[in-house]
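Let me begin by presenting the structure, written as structure tokens, before commenting on it.
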Amino acid sequence: MYMDVPSETSVNLKKLRITLSMGGLLILSFIGIDLLLLPEVLHQAYYISRLGMQFPLLFVLYLLTFLSNYNALHKHVLWLGVLGITYANFWLLVQCWTQAGLVFAWEGTLLYGLFGMFILRINFIYSLMYAVLSLVGFAWIIIHYPMYGELGSIKFGFLLCGFAVSLVGVKQIESGFKRFQQVNKKLLYLNQIDPLTELYNRGAMEQNFQRMLSIAARTNTRISVFIVDLDNFKDFNDGYGHLRGDDVIQLQAQILRQIFNRETDMVARFGGDEFVVVSLGNTTAESEAQAARVLEAWQQNNVAHGKGKGQRIVSCSIGLINTEVDKSTEKERLFEMADRALYEAKNRGRARYVSAISCELAPA
């Protein structure tokens, strides 16, 4: 089982829809003012640009967010949508000039770019592509329609500088956000992982245990809970030192990882020399076979013990429960049953497993 970490490509769809709605309202809010300034001959062209091109493009972007695979489309469709809205504004500039000799405000081009780059947060590569294609479109207008006269090159320079500054800002924000994500991912890792064994720690185990229990109840899947405890570990630690003790704990973690290696298995260090494994989809016989493999692995490793009350070699004891669950099943109850089975394994001489079946203890 792998850690849950925030996805770098995940899109907050609710926030995006609100932002797109705000963009649509902004487009609509300028209509009344613009129509007062424009001669009546241009009203039709204005309606076509705003209500026939720009607003529908924005509405299409809004509808696309409801697709199940929108996350994969997001970075592609967003910049194309903003570019389409920008070119709809270019079309209006041309219509105002050719139909009435009117120079319509070009600054909207920069506003569209700023909205896309900083509000919709189009990434740097697509922001760069948007800026280049917008500049190409504006340059084409200046060359073919002398609406700005000698000021055309100056206005192009203003737009170029505006986009350049915006792109620097986008790059800095993007770099800062990536660093934040890396730090956040590292902190999440440190918060969930035991540093000595690189297994889940107790807090992460309890959180994932509850989730796995819910899955088992919902899918009618059997769940297994193992509690693994090294035998006479304190005597080993006192006799050989903490460094050797750490080596044994790491070896126990390695053994458990090798045996419980499916995505439906969770291995955690519960604390000290105690480990917990939660597994889905095994029968009781399969779970007992896994416990036997853990015991056999210690026999094969043949790590000398012999300190205090310890046996000749290092071993472990295992308590396990394999059962069906429902929505009323509590993880504390399963843990209690596995813990009782572990206690019984210790009482029977250690280096063995005991399986708890239907609240009764059965010998391995």
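Cβ atoms are placed via backbone N, Cα and C, with glycine included.
The domain 'GGDEF' annotation in TrEMBL covers 221-358. TrEMBL lists 20-39, 45-65, 77-94, 100-120, 127-147, 153-170 with the feature transmembrane segment.
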Check: Can you name the far-off residues of the same chain, 6+ from the ends of the transmembrane segment (153-170), with a Cβ under 8 Å from a Cβ of it?
Finding: 106, 109-110, 113-114, 117-118, 122-124, 127-128, 131, 134-135, 138-139, 142
Checklist line | Cβ-Cβ under 8 Å with the transmembrane segment (77-94): same-chain residues at least 6 beyond its ends | finding: 45-46, 49-50, 53-54, 57-58, 60-61, 64, 104, 106, 108-109, 112-113, 115-116, 120, 122, 126-127, 129-130, 133-134, 137-138, 141, 145, 147
Note to self: Checking distant contacts: for the transmembrane segment (45-65), what same-chain residues at least six beyond its ends satisfy Cβ-Cβ under 8 A?
What the structure shows: 11, 13, 16-17, 20-21, 23-24, 27-28, 30-31, 34-35, 38, 73, 77-78, 81, 84-85, 88-89, 91-92, 95-96, 99
Next item on the list: Using a Cβ-Cβ cut-off of under 8 Å, list the residues of the same chain that are 6+ residues beyond the ends of the transmembrane segment (20-39) and lie near it.
Entry: 46, 50-51, 54-55, 58-59, 61-62, 65, 96, 100, 102, 104, 115, 119-120
Notebook entry, point to check: In the predicted model, what is the mean pLDDT computed over the domain 'GGDEF' (221-358)?
Noted result: 95
Next item on the list: For the domain 'GGDEF' (221-358), give the DSSP counts of helix residues, strand residues and coil residues.
Entry: 61 helix, 37 strand, 40 coil
